Each structure stands twice: as structure tokens, then as C-alpha cells.
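Sequence annotations record features per position, and here TrEMBL assigns domain 'Ig-like' to 113-211, 223-296. Among the features that TrEMBL reports, signal peptide is placed at 1-23. Feature annotation from TrEMBL assigns transmembrane segment to 306-327.
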Amino acid sequence: MVKGLYGFLTLCVLVFTGGPTHASFPLELNPPRVVVRYGDSVSVKCSTSATDHDGMGWEATFGGISVEKKDVNVVTWTVDNLTDWTIEPKCYINLIDGEQPSIVLPVILYKTPDRVSISVLNHSGPMVKGTQYHLQCDIQNIAPLQNLVVKWYKGNEPLDIVTYSNVSKRPEDLSATLMISPNRNDDGAQYRCRAELDLGPEGPQPHPTVTSEPLSMTVHYPPTFSRPEAENHLDIRVGEVITLNCTATGRPPPEYRWQSSDFQEALFTPPSEVPGTYTCTAYNQIGEISKTFTVNPKPKGDRTTFWVIIGLGLGLAIVVVIVYVVVKHRAGPNSII
């Protein structure tokens, strides 16, 4: 009779409330979920406010316990060395009406990776500017994958963040990739990848992290002129010495060759007697770049112009004297001219 009445009242609660509420459910876990490092200890209490029971306990592959006493309201699940990746501890209570409510403890067992390393996929040696490459981050023996966050860095600059939806409780190996297209500023840059476990608010803070050793980049790029704004049109006098500046930077360091439309030799300081067009080419294994200088002769600055001016002046003076003599003669001796 009592058992039937209890069942009727329970049914009424389910009908009018849509299910058991937190207050009506007889079991409570503290903490409600746990995050445990592989091999560490763990302890969780299961308590009840119910008084009409015949005992309570835990079902688990490790640390299971059963207490068949009516006056017990707390049982503790304890494991000193947790190593079961799939463990699902369940706390239960035996009610006097024959029901056995239970609650499963969510357990996240985690392990940081044994090793994290970074490499260039299918490539060795220096990189070439503008070419695409794939960096690979190898993460060995990590769990669980669904909590893994892979972060990429160039120096201290974040480049990319990768998360995973794989549901896997056991440790696994994983490789993440990042595509890059280096430029000349990446020469000497250091890339790193970091494996981070974001285990939620119950997990350790800061997040468990393992970072790779840095990968230093060597990037080859074609030459560029150090002074592209330098004057390329030069005027020189006979005997004057000039230097044509064709300095360029590149990796590998560039070599140079000079060509002139007037002088077919390698020239760095052209003789002033040979004006003309001089072309410099800086080149390396990656590419080349050219620069042209036009050398114009200045007026020689001899005394021809000076004597022309003197001659014109003397000629003009002679003309003035002749005109004066003629006018004086025509005016007569008594003229005041």
C-alpha cells in the first residue's frame, strides 16, 4: 500500500513538473565534474538528502564502493592513481520502494604531449621569396583531442589558431599544418607551434601547454638596390673622377657586371674621357636587377669664348673711333666735337 502510494505521488510530480527537479533528485555530486591529469589522484563526494533508503554507493572500474546502511548520506569515490581513459563512475542510491536513482560523474582525463616539434613539409634548405611552403607541427601522445588548441607564432606574433572536434579520450598523435609564403623580411624569423589543452573552468589555469623549439627561416630573395633614388644622370669634365654606385642587397649576396654602350668592359669608375651609357646588373641565384647611368661631358671651359668676347669688344671700339674721326673731319676745325 505504501509502495503504491509513493509511486502515485512520484508520477504526479513527473506529470506536473515535467520531470524531477534538482531539489527532488536525491543525489548530488561535489564537485559535479572533474578534470584529472593522467596518473593523478581524484576524490568526489556523493551525498543525499533522502532518508528512506537502504544504502548507497559508487559503481566504477576503479574505486567502487557499496554501503548498505540506512543512516549513511555521503559516500566518497577515491582513486590514488587514475589511468582508465574511459572511466564513468556512477553514484547510486537504493530507495525503499525498490527504485535506484543514479548519477554519472563526468571525468576528463588529460595528458600533455610527450613532444611537440615543427618542420617544413617536403622541403629542406633555404626557402625562396614568394614560394608557398607548408609548416608541420607534430604533436605526440596527447589527450583528449577535443580539448586541444594548436597555436602558431612567428616570433611573438600570433599567426593562426586551430581547434578540433574529434571526440577521442585516449592519447593520439596529431599533425597540424600552416601554409606560408615568405618574403625577404622573413629571413631569420623564428616560427613556433604550441599545443594547449583548454579543459574548461574545472581544468588547470593557465592551460597546460607544450611549445616546440623555434624553427629559424633562411629566405633567399633577388637583389634590390640600396639607393634606387640616386641620380642616374651625371655631368663630368675631362680629368674628373666619378664613382657609379650600384650597391644592392640580396640573399645570397649579389654579384655585379657592368656594360657600357661605349666601353665593353666591367667598369666601376669610368674614365671621364669616355662619356656614355653605363648599365650595372646585380644578380644572384634568385634573380637580377639592372640600373643605367648616363654620363654627359661638361663644357671643357677653354679660353675660346674669352677671346671671342675680347675680339668683339676691340672691333666695336675700332668702329666707334672711325665714326668719330669721320664726323670730326666733316664738322671742320672750328667744331667743338
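Glycine residues also receive a Cβ, built from the backbone N, Cα and C atoms like all the rest.
Unlike curated records, TrEMBL annotations are generated automatically.
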For the domain 'Ig-like' (113-211), the DSSP helix/strand/coil residue counts are 6 helix, 53 strand, 40 coil
Model confidence over the domain 'Ig-like' (223-296), as mean pLDDT, sits at 75
